[in-house]
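Chemist: Reproduced below are the annotations present in TrEMBL:
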DOMAIN    34-246  domain 'G-protein coupled receptors family 1 profile'
TRANSMEM  16-41  transmembrane segment
TRANSMEM  61-83  transmembrane segment
TRANSMEM  95-120  transmembrane segment
TRANSMEM  132-153  transmembrane segment
TRANSMEM  173-197  transmembrane segment
TRANSMEM  227-246  transmembrane segment
TRANSMEM  252-274  transmembrane segment
Amino acid sequence: MNSTIYSSTVSNDKELYIICSLSAGFGLISIILSMTIVIIVKHAKRRLHTVRHLLTCNTCIASMLYCIIQTINYIFLIFLPSITSDVACRWRGYFAYMSISAATYSYLVQAVSRLFFSIFARKYPWLTTFKAHYVLIFIHWLIVLIIPLPSVITKDIYFRPGSLCWVPFKYLLHMGYTAVAYYVVPVVSIIIIYIYIYRKIRRTKQSAETILNTTNDKRDLEVLRNIVILLCIYIVGGVPTLLFLFTNINILYLSGIVTFTFTVVVEKICTISLDRELRQALKSIIHSSNRVMPFENSLSLTREQNKTVRLQ
């Protein structure tokens, strides 16, 4: 889609400023929520020191990266319109697409982990170790760095006044690659893994071995279901922008800027709500901070502190 269409979409600078500021605000909230989850997992008891929560923290880091890069792109769009370099625009597009794929593929990593635990744990127990998952996370970020390379290798992305550094719709091949590589591949892969695990459990549910592992199977399906829910919430944020590409309706372009980061906020809230252990850890932190110390204990503590001061 050429620059004329994009320029007409955002002719009102004040309106664009409000929209981008709102999106940046949601981005800041999502960063705070993501950091909260990482801090809770790191400082909580050993019950949160699991492979599953390690991968949850990996997704939180990807979400923080996504929101930071989107905010930087808004800063260039609103406050630094004088920087018209096509090369700089391509690199901004590269990092934008890299952050998107980092988030979507982090959910695929979680699904692959569930596949390890539910299907291959008995035959290959090393696949369920922390070491194996650190390797999985390394592969995740390596793939994330490689996938958006067409953004800088080609010249499809170039500076267009009043628009973000995305691939224009007129480059259909590159647009198709963007949709397939960043969204379709991880989503379809997660669905295939979910169906495979579900059918595997259903096929062998009558055997004694499966009966003994009924609780673990239900847990694996529950975790996979949560992964699908969170990924769908995340992808919904890109729907208005996708509709804009086909309809050229201005309100869809502006709403798409907001929904990108707003859905990340919703996804982080749902992450805490759907994770029982994480939710309980957060509740215990809140209750401990609101706990009122009895008057006698606080008085004796004050006396001890006064004695310490005198000794010093």
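Cβ atoms here come from the backbone N, Cα and C positions, even for glycine.
Here the structure is a predicted model, which means the values were calculated and not measured.
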Chemist: Who are the long-range neighbours of the transmembrane segment (252-274) in its own chain, taking Cβ under 8 Å and residues 6 or more past its ends?
Modeler: 9-10, 15-16, 19-20, 22-24, 26-27, 29-30, 33-34, 37, 56, 59-60, 63, 66-67, 70, 74, 103, 226, 229-230, 233-234, 236-241, 243-244, 282
Chemist: Averaged over the domain 'G-protein coupled receptors family 1 profile' (34-246), what pLDDT does the predicted model reach?
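Modeler: Taking every residue in the domain 'G-protein coupled receptors family 1 profile' (34-246) and averaging pLDDT yields 83.
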